Amino acid sequence: MNQQQRSALLHSSSLFPPPPGVKLSYGTAGFRADASLLESTVFRVGILAALRSIQTGSVIGLMITASHNQVSDNGVKIADPSGGMLTQLWEPFADAIANAPDPHSLLQLLDDFVKKENITLEGGPAARVLLGRDTRPSGASLVEAAKQGITCITGATAIDVGVLTTPQLHWMVRAKNKGVEASEHHYYDQIVTSFSYLMDNIPRENSSKDVNDKLIVDGADGVGGEKLEKLKSSLKYLSIDVRNYGDGVLNEGVGADYVQKEKVVPRGFGPSDAGIRCASLDGDADRLVYFSVLSNSNKIDLVDGDKILSLFALFLKEQLRILDDKANTSSYKASLGVVQTAYANGASTEYLKQLGLEVVLTPTGVKYLHEKAAEYDIGIYFEANGHGTILFSETFLSWLENINNELSSTSKGSDQHKAASNLLAVSKLINQAVGDALSGLLLVEAILQHMGWSIKKWNELYQDLPSRQLKVKVVDRTAVITGNAETVVVSPVGIQEAIDAEIAKYTKGRCFVRPSGTEDVVRVYAEASTQEAADSLAHSVMVIVHQFLWF
């Protein structure tokens with residue numbers, strides 16, 4: 001970094017002093033806090049984004065959002081060249097620069113990091129960073145802080161793409177780095193075209209079934225609701241009533257997070273909606289859950305991320321089976337894998353295994369799920385909260401394109417040709433960069449029509465086991481060390497044996513504990529055959545955690 005750059009950076013960073021007494025940590029959601037505390041952090045993440053762009057020679061994304069948090073919060077996170085999350089290797093650097101106490105400390109950190117990572121600041125590739133934000137009032141000023149940070153790096157360009165869903169920004173980054181046109185318009189064009197193709201391919205025997213084409217969507221009063229309200233007129237075959245798309249308070253009594261946790265109707269829904277298929281997006285539209293309103297009640301039947309995953313897995317497995325029916329495709333056996341965390345309901349895991357699918361568990365966090373899913377030709381991951389997607393390997397897609405072209409010329413319109421084209425359409429409809437409520441919703445709708453299923457029939461795939469989650473306050477959460485995808489406690493010694501002995505007392509009992517990533521608590525998750533048993537198991541294990549850790 002030359003003297004002119006150093007002086008400019010010192011001056012700019014002095015305009016964005018960090019708030020005293022605030023320590024932030026970069027996690028799965030990036031940095032999040034009350035919006036009034038974030039200008040300094042967002043400015044510094046702008047610098048980080050520019051450095052990442054130079055190092056990778058690629059477009060990088062920077063998204064201003066706090067997803068399902070309250071409207072007074074905001075946050076910032078980076079999208080890497082693949083459209084996925086910032087590499088975990090850079091997270092400690094993100095923490096360090098966000099918490100540097102003054103401009104000179106910040107400059108020293110940057111100097112050291114640039115040398116360590118061999119980042120060429122002069123004569124190398126110019127940084128390009130796409131900047132997006134959700135609908136929060138604080139977003140515009142935070143985008144300006146990010147621009148200041150990005151342009152501290154000589155030659156760096158900040159490209160403001162405006163108000164977007166988080167998945168749209170991730171999709172644009174991925175597309176741009178693949179050399180594909182990547183505006184918001186291109187995003188809509190791709191998902192609408194793919195959705196229409198899937199709907200045109202519905203088996204004739206199911207197209208006449210009485211599957212209600214009406215869908216009511218809770219937009220969480222966020223960006224996803226606004227975007228869907230504009231998009232819905234382009235969608236043939238589907239009648240969408242969007243509610244909560246900007247006339248109320250963001251995430252207040254609305255949204256996927258609220259619906260999934262509280263299991264009650266969001267604001268604007270009531271008994272008159274009973275029997276109609278309903279869905280809920282979260283504030284930045286990267287989570288999706290479905291539900292149906294119970295008669296004369298504010299309660300719902302929830303169809304969560306586990307059931308969305310199961311629906312996708314069932315459909316993709318069937319398309320692969322049809323494709324494999326002919327000898328000329330047997331030369332390639334595609335691997336199909338399902339990735340969950342220990343928080344997935346045990347009934348869903350059992351159902352997927354009974355389908356003959358390979359199911360693997362990872363530690364909690366989308367970054368772990370995504371990384372594991374990428375090991376398969378088709379990898380599906382979802383968390384119960386409604387965040388997830390499907391990944392397709394480039395090798396498989398290349399093979400699939402060839403098979404589709406071959407079948408198009410030899411047996412156009414055959415079941416096998418339709419299966420190949422359906423799989424290609426799914427790969428274009430689903431957002432392979434990150435969980436996307438809009439593209440996920442369209443895929444759910446297309447598959448339900450293919451199956452000829454109502455939401456009731458979908459929800460009857462399996463019956464969730466009753467569960468209970470509790471938090472135990474501890475002095476030091478780092479005393480708990482887990483293994484085997486967080487399902488087993490390795491330390492303190494003896495605690496896992498005590499938990500196992502408790503689990504053995506319950507029919508279909510399952511329980512694990514894991515330290516929180518953000519606060520000094522240990523989280524307890526328990527399942528059993530009845531709600532009373534799940535509650536009892538969770539409380540018994542909570543007592544065990546107290547005995548071992550309250551010192």
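Note that the numbers count up from 1, one per residue, in the order the chain is shown.
The backbone N, Cα and C atoms fix where each Cβ goes, and this holds for glycine too.
Since this is a predicted model, take the numbers as computed values, not measurements.
The domain 'Alpha-D-phosphohexomutase alpha/beta/alpha' annotation in TrEMBL covers 58-87, 125-177. The active site, phosphoserine intermediate annotation in TrEMBL covers SER67. Taken from TrEMBL, the feature Mg(2+) binding site covers SER67, ASP282, ASP284, ASP286. The annotation domain 'Phosphoacetylglucosamine mutase AMG1' is assigned in TrEMBL to 182-289, 304-453. Feature annotation from TrEMBL assigns substrate binding site to GLU383, ALA384, ASN385, ARG514, PRO515, SER516, GLY517, THR518, ARG523. Taken from TrEMBL, the feature domain 'Alpha-D-phosphohexomutase C-terminal' applies to 492-541.
Annotated Mg(2+) site SER67, ASP282, ASP284, ASP286; additional same-chain residues within 8 Å of its Cβ mean position, judged by their own Cβ, are THR65, HIS68, ASP134, THR165, THR166, GLY222, GLY224, ALA256, LEU281, GLY283, ALA285, ARG287, HIS387, ALA437. Same-chain neighbours of the domain 'Alpha-D-phosphohexomutase alpha/beta/alpha' (58-87): 26, 28-35, 38, 41-42, 45-46, 48-50, 52, 94, 127-134, 136-139, 142-143, 146, 150, 164, 166, 169-177, 220, 249-252, 255-258, 282-284, 286-287, 366-367, 370, 432-434, counting only residues six or more beyond its ends whose CB sits under 8 Å from a CB of the stretch. Listed binding-site residues: PRO515, GLY517; maximum Cβ neighbour count within 10 Å falls on PRO515. Here the candidates are the recorded positions SER67, GLU383, ARG523. The one whose C-alpha lies nearest to that of ASP284 (Mg(2+) binding site) is SER67. Per-residue pLDDT, averaged across the domain 'Alpha-D-phosphohexomutase alpha/beta/alpha' (58-87), gives 96.
In sequence order, the binding-site residues near SER67 (active site, phosphoserine intermediate) (Cα within 10 Å of its Cα) are ASP282, ASP286, drawn from ASP282, ASP286, GLU383, PRO515, GLY517, ARG523. Residue counts for the domain 'Phosphoacetylglucosamine mutase AMG1' (182-289) under DSSP, helix first, then strand, then coil, are 43 helix, 18 strand, 47 coil. Using a 10 Å Cα-Cα cut-off from ASP286 (Mg(2+) binding site), none of the binding-site residues among GLU383, PRO515, GLY517, ARG523 qualify. DSSP states for the domain 'Alpha-D-phosphohexomutase alpha/beta/alpha' (125-177), grouped as helix (H, G, I), strand (E, B) and coil, give 24 helix, 13 strand, 16 coil. Cβ-based neighbour count (10 Å, all protein chains) for ASP282 (Mg(2+) binding site) stands at 32. Cβ environment of ARG523 (substrate binding site): GLN469, LEU470, LYS471, VAL472, VAL513, ARG514, PRO515, SER516 lie under 8 Å away, each six or more residues apart in the same chain. Neighbour density around each Cβ, counted as other Cβ atoms within 10 Å, peaks among the recorded positions SER67, ASN385 at SER67. The record assigns GLU383, ALA384, ASN385, ARG514, PRO515, SER516, GLY517, THR518, ARG523 to the substrate site; their largest pairwise CA distance measures 20 Å.
Closest in space to ASP282 (Mg(2+) binding site), of the binding-site residues given as GLU383, ASN385, GLY517, is ASN385, taking the CA atom of each residue. Within the group of binding-site residues (ASP284, ASP286, GLU383), the Cβ with the highest number of other Cβ atoms inside 10 Å belongs to ASP284.
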